[in-house]
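Features as listed in TrEMBL:
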TRANSMEM  12-36  transmembrane segment
TRANSMEM  145-168  transmembrane segment
TRANSMEM  180-202  transmembrane segment
TRANSMEM  208-228  transmembrane segment
TRANSMEM  240-260  transmembrane segment
TRANSMEM  286-312  transmembrane segment
TRANSMEM  346-369  transmembrane segment
TRANSMEM  482-503  transmembrane segment
TRANSMEM  510-529  transmembrane segment
TRANSMEM  541-563  transmembrane segment
TRANSMEM  570-592  transmembrane segment
TRANSMEM  626-647  transmembrane segment
Amino acid sequence: MSSGPPGAATSWPKLLAALAFPIFMALAMPAAYLAAFHEPEPTNMVVQIVGTGDRAQKLATGVGVSTEGRFDAAVVADTETAKRALADLDSRAAYDPETGDLFIASAGGAAAAQAVTAVFTEVAGQSGQTLSVTDVAPLPEQDRVGVSFLFIGLAAILAGFTTATMLGMVLPGLGLRRHLAILGGMSVITAVIGTWIAYGVYGALSTNLLAVGAMLTVLSAVTGLIHLGGLRLIGSEMTVVSVILFIILGIPASGAGVPADMVPGFFGSLQHFLTTSSGLDALRRIIYFDGAGIAADLTTLAIWTVAAIGMFTLATLKRPGKGGEEVLPIAVPTEPAERRLFTRRLTAGVMTLPLLFAIVMPLVFVGLFHSPAPRSMPIAVIGSGAPVTETVAGLEAAAGDALDVVVVPDAGVARQQLEDLELRGAVEPMSGDVYVASAAGMQAAAAVESLLTGVVESGGRTATITDVAPLPAEDSVGASSLYLGIGAAVGGFLAAVIVSVFGGGLRTRVQALVVVAVAVISAAIQVLWGWTVFDIFDGSALSAFGMLTALGITIGLITLAGFKLIGPAQLLITLFVFIIPGVAASGIAVQLDLAPSFYGVLHAILPTAQGLGAIRDVIYFDGAGVGSSLAVMGAWAAAAVICLVWASRRAGKADRSGEETADDQAVETDEGQVLVGAVDAP
């Protein structure tokens, strides 16, 4: 990649070719994640029936038939054998039909545990038994969602990838030995940072610290080796290959967010073939299952390491000029002492990006996910009179600051406030009716439903649950808007970076128009396939297109303006101030009233957080509350435009000043030539 200085000629074919990458990223990542996660359901999920007689065999056959292959039931002789299979993650559940006992391992995947509990609750009910659930591998209190390992692992992967990118693109002259030494050192450093944040800062993890640190080191190093070997062999095209392998396919295949046996078969089949998925699976096994079954994951990582060594070997055999590294042009001092100092400073500087990934990603996301709990969650009690007063007093006494309890006169008002996102839930104590809105957040809805059901049952009534804004089957997790929004933000960001690098000769106005065009094109294609392939917009495709476009334009203009003002350092600001914290503070992955108050502050000021929330709101809530989101994004976009105008005028003045200086020098030269001619004349 080469950067054209302002005023230099811009190669439109090269620029347009480069702009294919942000469009690809805006589409490929959401497409893969939607395909994997938008409608998770068991796929040949292994469960076991405890017993030795015909009853156990018939039940196993019946489970497989009645669930249409979603569960693969086998017979096991006794509960101890079944528990060992659970501990090795060879099975998701074991059911004893004689006692009604169900054994699960929620640390192997909370969604899988919920799925097997649901199916065997029905099985037990058919035989007149009450299901008794025993969790043989529960999630700890400080890691309730069970995904802390995902974010320290992902940080290690991104640190390895970016370290290799910096070495291959900025410092190719250091040589292979120094490259490997730096990559190894950075792998250790990033692993130490990740373990310190997860174990020390948040206490989310508490077991097998050294093994986790070692696994993070290996995962970062293997990722870096593969990418660096590819850069040496085929050049910058390896970036696309690595992004596909490590991020676009690796994360859905890992089973870290959604179990591998609850995603489509294509992704599940990749789990033990890709480094990201194998490394994350190994981390889960180390943390929660004392490393049981880790051999397959380590074998995969070893095979990829050998492949990386092969790429290094092939790269050394290439003849000069036949592909390989593409180097960013940097002016290097010629004096030896200055050159050595420059190299040291540049080496330290380019390591900033991987270090920030290692710090910011776990700090932000482990902090968000490790222990969600209600904080001033708005709940309504419906009606009037003594029962309502008693219910309010009971909720406030039991929950304290966790709930913000109000009274509304009737169910119609409660439903409207739920649809306007002013409430999380409502209960009518006299009738036992409980109202939630799961499209506003599954975790919050589940917490409210559990709490208010308990309130109703404590009064001797049966709770009736009404979901006033349910999630459709096509988006049963409620995260489709998050994936689309991340694609839009990343696409706008990359478009601005590329137009700054490859379009240095373009006017600022033209650069901004290119960023806008990329945002519009990306949003249009996203909406087209999101609507036709996944059917996720529920009649709101046009509004979703507008929000996706607005988010992409806002992030793109902020990045472009930053490049004009402070140069490439804006890349770090956009990534680690706007995108990563903005995704965490969107309120989609974890609702804001389940997260620490810090995320609410970020949500109020970051355009990414506001934009992601607005995309969800236009899809499921007819745009309720999007006015404030548009105001925040509009303010940031306006500020970016003002900065671009100022930078453009400053550049214009500098150009005119340079032209005047050049003209003056030309006049002086002409006058000097005349004087010399006069002196030399006879």
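First residue shown is number 1, and so on along the chain.
Cβ atoms here come from the backbone N, Cα and C positions, even for glycine.
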Closest-packing stretch to the transmembrane segment (541-563), where packing means Cβ pairs under 8 Å, from 12-36, 180-202, 208-228, 240-260, 482-503: 482-503
Residues from the same chain, set at least six apart from the ends of the transmembrane segment (482-503), whose C-beta lies under 8 A from its own: 1-4, 10-11, 14-15, 18-19, 21-23, 25-27, 29-30, 33-34, 37, 510-511, 514-515, 518-519, 522-523, 526, 530, 544, 547-549, 551-560, 563-564, 571, 574-575, 578-579, 582-583, 586, 588-589, 608, 611-612, 615-616
Within-chain partners of the transmembrane segment (626-647) [C-beta distance under 8 Å, separation at least 6 from its ends]: 508, 512, 547, 550-551, 553-554, 557-558, 560-562, 564-565, 604-607, 610-611, 613-614, 617-618
Contact check, the transmembrane segment (240-260) vs the transmembrane segment (145-168), 3+ Cβ pairs under 8 Å, seq sep 6+: yes
Intrachain residues whose Cβ lies under 8 Å of the transmembrane segment (145-168), provided they are six or more past its termini: 106-107, 109-110, 139, 174, 179, 182-183, 186-187, 190-191, 193-195, 197-198, 202, 204-205, 212, 216-217, 219-225, 227-228, 231-232, 239, 242, 246-247, 250-251, 254, 256-257, 275-276, 279-280, 283-284, 287-288, 325, 350-351, 353-355, 357-358, 361-362, 365-366, 369-370, 372, 590
Criterion met for the transmembrane segment (346-369) and the transmembrane segment (12-36) (at least three Cβ pairs under 8 Å): no
